[in-house]
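Here's the structure, in structure tokens; my notes come after.
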Amino acid sequence: MMSTPETATEATAPEAAPAPSLGADAPAPLPSLIGLDRDKLGAALDAIGVRGSDRRMRVNQLWHWIYLRGATDFAEMTNVSKHLRADLAAAYSLARPEIVMEQVSQDGTRKWLLRFPADHPGERPHDIETVYIPESDRGTLCVSSQVGCTLNCSFCHTGTQRLVRNLTAAEIVAQVMVARDRLGDYPGRDRATGPGLPTEGDRLVTNIVFMGMGEPLYAYDSVKEAIETLSDGDGLGLGKRRITVSTSGVVPEIERLGAEVGPMLAISLHAVRDKLRDELVPINKKYPIAELMEACRTYPAASNAKRITFEYVMLKGVNDSPADARALVKLLEGVPAKINLIPFNPWPGTQYECSDWETIERFSDIVFRAGYASPVRTPRGRDILAACGQLKSESEKLSARERLALRAMMAQDE
């Protein structure tokens, strides 16, 4: 990853130090309770002999300490009996995923490279990236739902990494736990300081967006369970209006998401004609634009108060003409919508360039005059490859040639 003193800092958290190699006779790590929902916490208690009417109370206690207080040790749970704390510590842990790398951008954006254990002995562990984007009035955490991605969107860096597997609900929730740990975003913790952090309100992580690595609707069951845990008012307490699921257009799951879960919806659109979208977002060949837009018009959770966000990356000479803007306006008729125009963020090896600002502003003005909010998303975290479309979980740093190429691309956009 590119890092220069004036643009970014790179830090490895104390708990992120590489674990020593385990010998053949070394005990396996204890299973962690982090990220589990109430049913799974109940099952964990049942396994150590906590049953009957007592179990529900104990689940509520664990929920409070894990998700509201951010406990990292069972010893912190002072209203839980010493005997039960000992039993819990003997069978389980409160371990978070390993932080392999933490980077802080010059604009305050933070990116964590997180490592989950291998699924089977002898296999490689799984690395994913999570990004925190602070603003004065909010802090948005961009979480991943898959290790890699299968969509192969031509403008997206994640699409160059093969899909390994879906993340579990616990692994999705654990990303939020890590971010709140590192930011001190729990009662009684020392809050993080630095450029760009929210100055309003009492929370640093206020919003969650499923816009990291992977297609969330291909990991539907995990995403649904994770949202229920994240939105529980007795714990992390992130209301569903503060949780956005972004999809490239898995049409059959869009209605299901609205009916069963009801978060905010974002669509990675990026083109208004099937021929171009087939190239940019290949899933369009399976679910073309007409089918996608019909799913949006009937999305159960959509309303004027809960508009669907359409994401549109601005690619120089590809999809940024005034005719494209007018076609976008026509396409959105009948949909409660807003449009996020995203300046393309460069990454090594890409064939695309970002539209110039005059072109972006002209495009935005056409959409705005038609009655749609059309903010231009300010690029955040470009210097640490944390911006939209730049995530990729490989832990190896960029080669010198790739760093020079990236610097050149960024310089051209300034």
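Cβ coordinates come from backbone N, Cα and C, glycine included.
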* Asked: Taking 1-24, 217-240, 337-360 as the choices, which stretch does Swiss-Prot tie to region 'Disordered'?
  -> 1-24
* **Cα-to-Cα gap, C142 (disulfide bond) vs H270 (S-adenosyl-L-methionine binding site), nearest whole Å** => 19
* **Stretch-averaged pLDDT - the domain 'Radical SAM core' (135-385)** => 92
* **Number of other Cβ atoms within 10 Å of the Cβ of G214 (S-adenosyl-L-methionine binding site) across all protein chains** => 29
* Give the distance between the Cα atoms of G214 (S-adenosyl-L-methionine binding site) and E129 (active site, proton acceptor), rounded to the nearest whole Å. => 11
* Structure fact -> Same-chain residues at least 6 positions away from S246 (S-adenosyl-L-methionine binding site) with a Cβ under 8 Å from its Cβ, in sequence order, are V209, F210, M211, P216, L265, A266, I267, S268, T309, E311
* So of all those binding-site residues, L269, H270, N345, which one's Cα sits nearest to E129 (active site, proton acceptor)? -> N345
* In DSSP terms, helix, strand or coil for G214 (S-adenosyl-L-methionine binding site)? -> coil
